[in-house]
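Novice: I'd like to ask some things about the structure below.
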Amino acid sequence: MELYFTRHGRTEWNQALRFQGRDGDSPLLPESYLEIEKLGKHLAAIPFTRIYASPQKRAKTTAIGIREHLNVPTDIIYSDDLREIGMGELEGASIMEARRTHGEALDALRYAPNNYDPAAFGGETYEAMLTRGKGAILKAIAKEQGPILFVSHGATLTGCIQTLAGASIADARKMGGLGNNTLSILTLNQTKEFPFTLKLWNDDSHLSK
C-alpha cells in the first residue's frame with residue numbers, strides 16, 4: 001500500500017509569516033488554486049480508495065480541489081486528528097514578534113522538537129500532535145485496501161511521516177519541513193518489522209510543469 005501526503009495550499013498567513021496552527025486559519029492565496037490543480041492532475045490516475053483531510057478550511061479546500069481532477073473521485077473523510085499543531089496564544093501572531101519572547105521554544109519546534117516546550121504560550125506538545133496525527137493515519141490504513149491520500153499541515157505531516165518512517169522525535173526535522181502542495185509518499189509492507197519506508201519527500205516537480 002502507498003500513502004500519499006500533501007500540505008495544503010499557501011495561505012495569506014503563510015505569506016504574512018503568521019502562526020497558523022490548530023485553531024487558526026486564513027484564505028488560500030489566488031495562486032494556490034493553480035498549484036492545487038497541478039497536483040490534482042499529477043495524481044489523476046491514482047485510484048485512491050479515500051482521501052483523509054484536516055477539516056481546517058485551508059486543508060479542506062485543498063482536498064476538494066485535488067479531488068476535482070482525479071479520474072476516479074473518491075470520498076473525503078475529515079478528521080480533527082489531522083489538524084495542525086496547536087500554537088495556543090500565538091495563533092495568528094507575527095512569527096518575528098513571537099521570536100522575541102519565545103525564541104528558544106520556537107527554535108526547538110523547528111530544529112529539535114524533542115526539546116519543544118510550548119507551556120509558556122499554551123501550545124500543544126509535539127508528542128500530543130504525533131499521537132493524534134499518527135493515530136488518524138493508522139486508523140485510515142486499517143479501514144482502506146488501496147492507496148490513500150492525506151491532506152494536512154506542515155508540522156503535523158512532517159512529524160508523522162518522519163517518525164512513521166523510523167526517525168526519532170529529535171530527528172523528525174532533519175530533512176526540513178514540507179512546502180505547500182508538495183508530495184510525499186510512504187510505502188507500507190506489513191510483513192516487515194519496520195513496515196513504513198519513505199519513498200518520496202517534499203517533491204514539488206509537478207508544480208513547475
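For all residues, glycine too, the Cβ spot is worked out from N, Cα and C.
Because TrEMBL annotations are produced automatically, they should be read as predictions rather than curated entries.
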Novice: TrEMBL has R7, H8, G9, R10, T11, E12, W13, N14 down as binding substrate; which of R50, R58, R67 does it also list for that site?
Specialist: R58
Novice: Relative to the mean position of the Cβ atoms of R7, H8, G9, R10, T11, E12, W13, N14, R58, the recorded substrate site, which additional same-chain residues have Cβ within 8 Å?
Specialist: Q20, S26, L28, L29, S32, N180
Novice: Of all the recorded positions given, H8, R58, which residue's CB has the most CB neighbours within 10 A?
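Specialist: Top count of Cβ atoms within 10 Å goes to H8.
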Novice: With DSSP assignments reduced to helix, strand and coil, which class does R7 (substrate binding site) get?
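Specialist: For R7 (substrate binding site) - judged by DSSP and reduced to three states - the answer is strand.
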